[in-house]
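Got these off TrEMBL a minute ago, pasting:
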type     : residues  : note
TRANSMEM : A:41-62   : transmembrane segment
TRANSMEM : A:98-117  : transmembrane segment
TRANSMEM : A:137-170 : transmembrane segment
TRANSMEM : A:182-201 : transmembrane segment
TRANSMEM : A:228-250 : transmembrane segment
TRANSMEM : A:271-293 : transmembrane segment
TRANSMEM : A:342-359 : transmembrane segment
Amino acid sequence: MKTTRAPRTTSPGSDGFAAARAPRTARAVRVPGGLSFRVDVRAFTVVVLLVVAALAASVVLIGTGDFPIPAADVLKTLVGQGNRGQDFIIRELRLPRVLVGLLVGACLGLGGALFQSVSRNPLGSPDVLGLSQGASAGALVVIVLFSGGATAVTLGALAGGLVTGLAIYFLAWKQGVHGYRLVLVGIGVNAIVTAVNGYLITKADFVDAARAVVWMTGSLNGRDWTQVWPLLVLFLVLLPVVAGNARGLRMLEMGDDVSYALGVRVERVRLLLMGSAVLLTAAATAAAGPVAFVALTAPQLARRLTRSPGPNLAASTCMGAALLVAADLASQRAFGADQLPVGVVTGVLGGIYLLWLLVVERRKGRV
Amino acid sequence: MNRLSADNVTLAYDQRVIAEQLSVQIPDRSFTVIVGPNACGKSTLLRALSRMLKPSQGRVLLDGQAIQSLPAKQVARTLGLLPQSSVAPDGITVGDLVGRGRYPHQGILRQWSAEDERVVREAMEQTGVAELAGRYVDELSGGQRQRVWIAMALAQQTPLLLLDEPTTYLDIQHQIDVLDLCAELHEEQGRTLVAVLHDLNHAARYATHLIALRGGKVIAEGAPNDIVTAELVEEVFNLRCQVIEDPETGTPLVVPAARRARGRGAGRPAAVTEAS
């Protein structure tokens with residue numbers, strides 16, 4: 001080899017390479033026939049633990065209420081061996097409510113992770129960008145102007161979220177959508193929609209206004225199977241869309257130019273994933289109201305646990321579900337059944353978390 | 001016929017036209033360097049060659065086909081680009097970043113093959129960053145970071161590699177370091193390299209083929225020894241100079257005329273006329 005430069009400090013052979021890679025936790029999994037995957041052991045463990053935590057909290061939550069049921073009986077009933085009284089309470093009342101909680105949390109966690117990654121900004125979550133407010137506006141229009149029923153409110157919220165999502169996308173579009181533009185446009189849209197919501201409430205009569213305010217705190221009270229099925233179907237339909245574009249999203253974190261050079265269809269990936277995130281957030285908000293801060297905090301907490309770059313989609317999804325159910329459990333245990341909407345708890349926890357984050361990051365000199 | 005060429009392209013951002021009816025050929029297995037004054041369209045040309053900017057007229061041809069009509073991943077397996085600005089995601093390690101260069105070779109069921117691992121290791125060894133594999137990219141110096149990005153582009157395993165000002169923001173030692181690395185990649189692996197460089201002397205020393213642009217037009221192209229003359233430098237950069245032989249390599253070395261000989265500011269053209 002002809003070289004005129006000073007010798008590089010490359011460690012010879014593969015030993016140095018293996019030693020240098022030791023701190024990494026990624027493991028390659030290869031199956032004969034050409035299939036190969038890379039699994040980050042730490043991230044995988046985090047996902048498993050979060051699923052266990054979410055399910056455990058769910059079982060305890062099902063047993064919590066005016067008529068407490070021990071965890072063992074809850075499990076027995078879920079596998080179809082409980083007595084008739086418990087069977088009714090669990091299957092008809094509490095299980096669907098907890099499932100709505102898990103699904104709403106998962107949708108918000110995933111939607112938040114997608115938005116934060118696309119906007120390359122930890123504040124680029126649906127609550128900050130005005131999507132939750134947009135869905136609320138849709139619901140308020142139905143409640144205040146039409147005094148509509150529960151289904152109409154759900155549809156109104158869904159429509160409000162989608163319209164807001166489209167508005168943000170087209171306002172932020174300039175030769176493609178870029179991170180900080182998206183966040184700034186979103187904050188502007190959020191301010192406008194919040195003002196509209198305030199106006200709608202002042203126009204409402206007393207009963208409608210009370211109903212509107214309860215809806216806007218975000219709550220799982222009285223949710224049943226009619227909320228579970230549409231959410232579950234939407235989640236399962238969007239999951240493959242998100243999974244198919246997740247690798248492209250990882251590349252997008254290196255900037256549009258690098259992703260483009262690597263063969264990522266940048267604008268297509270971004271549009272599909274933003275569309276999915278808008279649908280997930282709007283559906284979650286339609287089902288439970290704008291539950292505050294889950295979409296903002298879940299991806300950030302997940303990232304700190306996995307210590308892995310990249311959007312951490314699976315971990316954020318599980319973190320969202322675990323957070324929401326845990327917050328509901330805390331609220332039910334501390335204040336009694338159906339007293340305090342879960343949105344209040346997540347709001348308080350999320351606010352504290354955000355402040356902590358700002359303080360800690362400032363000490364590290366990053367903010 | 002060359003693998004990469006621009007055929008009568010008009011390049012524009014929105015309504016602002018940068019170049020009209022521009023045609024260039026990138027000779028196969030060359031180390032082509034594009035030079036020219038600021039805003040002459042050299043980075044724009046590179047963006048068009050890498051399919052990032054769609055010409056408003058004309059075509060960029062890759063292996064005889066319009067580059068815009070080819071599938072994104074297929075292009076990415078043939079032609080790599082190291083852009084001027086790239087962001088390393090927070091908390092990413094060197095090994096992980098270089099591994100991302102394998103994206104166009106992967107699919108949803110083939111995410112990390114033994115081949116990927118081997119190519120990534122080789123790319124890191126070639127660029128001298130193998131021992132940094134476990135380090136965080138944000139902890140590295142500017143020179144090391146640029147090597148890591150080059151390693152990522154190498155892991156892409158493309159016969160053609162485009163580099164947009166790869167030496168910007170680096171000190172002189174690291175500039176030479178990066179250019180030596182490019183020359184090695186060109187000579188030892190037979191890759192076709194296309195780079196935009198600011199420094200004319202670096203260009204003249206390392207390029208096998210030089211393209212001089214001004215105002216979106218090719219003023220001259222060819223081997224540096226054949227085309228770099230005082231007249232060309234004056235025409236392209238509006239700078240009076242002497243061109244001497246580089247004592248190290250025998251390539252042309254541009255020495256700008258001293259301030260007194262150049263005259264001052266607006267008086268310069270008059271002074272030149274008087275002298276002649």
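In case you wondered, yes, glycine gets a Cβ from its N, Cα and C as well.
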Hey, which of A:137-170, A:182-201, A:228-250 has the most Cβ-Cβ pairs under 8 Å against the transmembrane segment (A:271-293)?
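Checked against A:137-170, A:182-201, A:228-250; highest Cβ contact count belongs to A:137-170.
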When you check the transmembrane segment (A:228-250) against the transmembrane segment (A:41-62), do you get at least 3 Cβ pairs under 8 Å, counting only pairs 6 or more apart in sequence?
no
Residues sitting near the transmembrane segment (A:137-170): Cβ under 8 Å, six or more positions beyond its termini, same chain?
129-131, 177, 182, 185-186, 189, 193, 196-197, 200-201, 203-204, 208-209, 211-212, 215-216, 226-227, 271, 274-275, 278-279, 281-283, 285-287, 289
Sort out the residues at least 6 away from either end of the transmembrane segment (A:41-62), same chain, that have Cβ-Cβ distances under 8 Å to it, and list them.
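Counting only partners 6 or more residues beyond its ends, the transmembrane segment (A:41-62) has Cβ contacts under 8 Å with 25-27, 69, 71, 74-75, 78, 90, 94-95, 98, 101-102, 105, 302, 305-308, 312, 314-315, 318-319, 321-322, 325-326, 328-329, 332.
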